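Here's the structure, in structure tokens; my notes come after.
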């Protein structure tokens, strides 16, 4: 039996209709009433159960990444990186690990069109022999902010107006006018890449900086990158309107239909690494999530391939109840002091416990496929069968022991307790370089999108001036074009 299908279930066992408790139901068409036109009777347990279950079908929507689609497959190592990490699932070329992947839009609600200009989530759960590894990323390699303290406010600004429930540019531009570090992210979001054609033709990135550790304990900072073998394709404005108007679930359907037809999506995994001893050699902070690592200095290194060859069996069980958390790592892969990553480590598991309950890791899509043992038990919706008598540690009656120690990055923590910004902000260099790397027509489309956003009637002269000033510092020509088209002088 498919491990995702847990008994008892009327969908797989009984040839006739039953209640949740297994009692036979001889009539699932009519309610129990006093005569053919009389009152309903509360003793109609099947009716009460049926309605009560229906009333509770919806669970809290994800606060971000609500709109998503999932698929299953495998990850296969193609290149040896055992000199960089002792992670078991990366131990040698040819090793395969089962995975489940969830793609998503970020800001908009469950059921919203998949053609909106929005970052896309790209989250991969590896079911390894040493536990699960969640690589929770996006399609863009950078992010809007570098400190998780700002995350709730950022999401509130990007979400619809709480009064009208309409997403509005003036709110977005007001918030980010206080955060010039967001410019680099906007060179992706307002670029042609802002609306992927579908999930199959989309890159992925781990976004945050992690740490690889080898058997000797040597650590390297690492960035993860997914490259689709079928290439990157995007939708321009008129194309997005046409596609979204015809099918608001076009990306979900494309993913499902492609896998069903045997046209399996595939991505190559690459990494970039930095020796922590060399992190001060750059004009940016390698742990700053608003920066990319230059590929001419830190080249992409091939690692493996991701193939999605099986559609999910049930959307609710394997998409809505599927839960990711950047804190879930395996020996050989660890966190870094990336400020945004440090806050994500707490926030993701916290929101899953709110959304799915304290035992969300027991759900089939989230549970490890390897043996596991601890004393975390009971609580709401605990359905793991346990018959042991020892639920404490240590005990002379239970032979369970500590696992063998694995290397983690050595760290000496010194410094004052303070709330501060990083030293190397350098907010404007990389956005300017990225803009200048584009062809003229691509630059023009980028400018037009900014003019459209800044033309919101509720965007004040002050906010327009600030944005023109920011873009002037990134690339003088961008500021000049925006100032001319908007008839605004930059405020520096």
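Using the three backbone atoms N, Cα and C, a Cβ is placed for every residue, glycine included.
According to Swiss-Prot, the features are:
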| type | residues | note |
| --- | --- | --- |
| ACT_SITE | 65 | active site |
| ACT_SITE | 138 | active site |
| BINDING | 348 | heme binding site |
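Where Swiss-Prot records a feature, it is marked here on the structure.
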residue: 65; record: active site; Cβ neighbours (10 Å): 22
residue: 138; record: active site; Cβ neighbours (10 Å): 23
residue: 348; record: heme binding site; Cβ neighbours (10 Å): 19
Rounded inter-Cα distance in Å - residue 348 (heme binding site), residue 65 (active site): 12
Euclidean distance between Cα atoms of residue 138 (active site) and residue 65 (active site), Å: 10
For residue 65 (active site), the three-state class that DSSP assigns: coil
